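Per Swiss-Prot, the features are as follows:
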BINDING   111, 148, 152, 211  Zn(2+) binding site
């Protein structure tokens with residue numbers, strides 16, 4: 001279990017969050033003005049309902065807190081803040097942290113070792129993050145620690161543990177499971193061919209259905225151009241679940257940029 005530090009900094013309520021500055025990251029650039037306004041409203045409620053707790057000397061400020069809240073709320077922009085029920089604290093280390101991990105092997109032996117983690121989430125516990133990886137979540141690279149952990153929370157709303165199948169209509173479960181496993185197999189095939197470091201999708205997605213859902217949720221929001229054309233059927237299922245289409249946002253933003261360039265000639 002994690003040993004909580006004796007001293008921690010907790011963010012206090014602040015009515016003057018720097019939302020304009022907080023929105024100025026590549027991850028959020030394709031949102032419309034209306035979507036940005038709704039995301040801010042959700043983020044304000046998030047900061048009212050959750051405690052952000054800085055650990056081991058890390059210091060939170062208004063800008064950091066606002067950006068964290070915006071990214072937390074991006075996956076539930078069309079779902080509603082109630083989808084983030086079930087936890088009250090976000091614990092933030094300055095860097096990846098060490099935990100004591102236990103697991104049971106195929107013959108029932110329990111093993112224990114200390115491992116380095118970037119983040120953790122439990123069904124009825126806090127979400128644990130680290131600032132170094134949060135900073136790397138601001139861009140549009142396919143990596144996003146916050147979205148990864150939020151996806152696990154959304155996944156766990158469908159049962160006691162993350163399974164890779166979020167809370168969707170029962171009629172859609174078999175198709176979702178089929179398409180998710182097909183994606184895992186495809187990712188594993190690429191890993192076998194080129195190696196983990198050269199794979200175009202994070203190799204962690206091939207390890208487990210729950211991790212595949214969480215990793216592909218990262219790509220869904222931050223690198224749709226790598227997800228949508230490769231797994232079109234699963235992409236549509238993600239669009240239906242999240243009720244968003246980041247690929248469409250990307251196309252609209254690109255078209256508006258092209259139009260602006262033509263108008264200048």
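Glycine is no exception: its Cβ is also placed from the backbone N, Cα and C atoms.
For residue 152 (Zn(2+) binding site), the same-chain residues 6+ apart in sequence whose C-beta sits under 8 angstroms from its C-beta are 121, 162, 210, 214. Taking the Cβ of residue 148 (Zn(2+) binding site) as centre and 10 Å as the limit, one finds 24 other Cβ atoms among all the protein chains shown. Counting Cβ atoms from all protein chains shown, residue 211 (Zn(2+) binding site) has 21 others lying within 10 Å of its own Cβ.
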